[in-house]
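The next block holds one structure in the form of structure tokens; read it before the comments.
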């Protein structure tokens, strides 16, 4: 069986996902076969595997760092919040049902079998499995049915490293408090502490580390600096929404919907020279920009109502009159249509709602969820303004619970040629007559270098700007960032001690 290492944190957003990715890349660099694992993930940012199964985006990112293909075994349970009180439960990559928090808490013991089987499968195929916890292990009201923190560590007999975030302040109290609330056998399983996101002079911190070790009787195995790495990270979502790209000739505004999903779709745009990417958050106006993007959402009807409530629909209509580019991805594509129908009340109590009406499309929400990896070709009869996009091949994935039907003479945007490796020919998306508004179900479309370059150059041409000749290859860029992440963490942590700890827990 494989060696095991589990990363738990004193709270959410302390950097567990990124550290798991770092360990995955370090072990890969050291010649080991390694896989990430998180028994239960709660996230709206998801990924579709080669088999057409849905997992958390963080585990797909960690698999990339490990140099292996993402698999549903790496994240057997995915919870996708659809409201403040309910989540869609995705079990082994497929939708199981919607549950309230109370219902799910009662259901958790039935999931142990699936979790153990999937972990054992990864352990049989790899030399090392790096496990990520969720939130904090010290949620004492949830401990009796825990399947993701200490319950998980005990199930597979994994050693635990506890991570604290010093950037927010209070790191010593959070570490000591977490250990205080754990049972003795759980404290004994924690083999070391990691201080994450440190800025400043390490010499000033050292006395505090010594005092902490004397108080909690745990060794600090490393202090990891605040890292400027550009990697898809779920915990970085809030920070990302308030971050602004540097000044540029082209400004792109992404509407931060209440239930925005797969926000990583737009990260490649931020890496394009001359592009300023920003998110329009609650209470903010769209303002002056060249492109408005309405992203995917886990609750299309609810987020359309919110968009109208914020009066952003009025601004979008003004953008349309000014001839700006308006793009919808997945749920955003549905929002751009004329009407969204939900006869089964799957998303809300509203059976029908008017869309923005910028595309001649009708969407019906259905129980069956489409989850596929796809290959597509942009259609060759796009309006002249978008002619540089014609016949460009793209790859991406679909995640949606509705089907959209083009009304009237509106033209499709692309032709899907492959779904999960099987050849097909299905139209996708829709485009306005003048080419200034288009929608697609293809997540990840902006990770296709040629498509992004030509689209940005179309926008640049509309402003009288010269074209950009080349942009970075996003996949190569991410590989460099994984290596950079691993180098920083390797230099900051006692890796010899980490290997010794894993060997002691070897089955």
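Just so you know, glycine gets a Cβ as well, placed from its N, Cα and C.
Taken from Swiss-Prot, the feature domain 'GATase cobBQ-type' covers 249-451. Annotation source Swiss-Prot lists active site, nucleophile at 330, citing sequence analysis. Sequence annotations record features per position, and here Swiss-Prot assigns active site to 443 based on sequence analysis.
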Note = According to DSSP, residue 443 (active site) sits in strand
Note = The rounded CA-CA distance in Å from the residue listed as 'active site, nucleophile' to the residue listed as 'active site' is 7
Ask   = Around the residue listed as 'active site', how many other CB atoms lie within 10 A of its CB?
value = 25
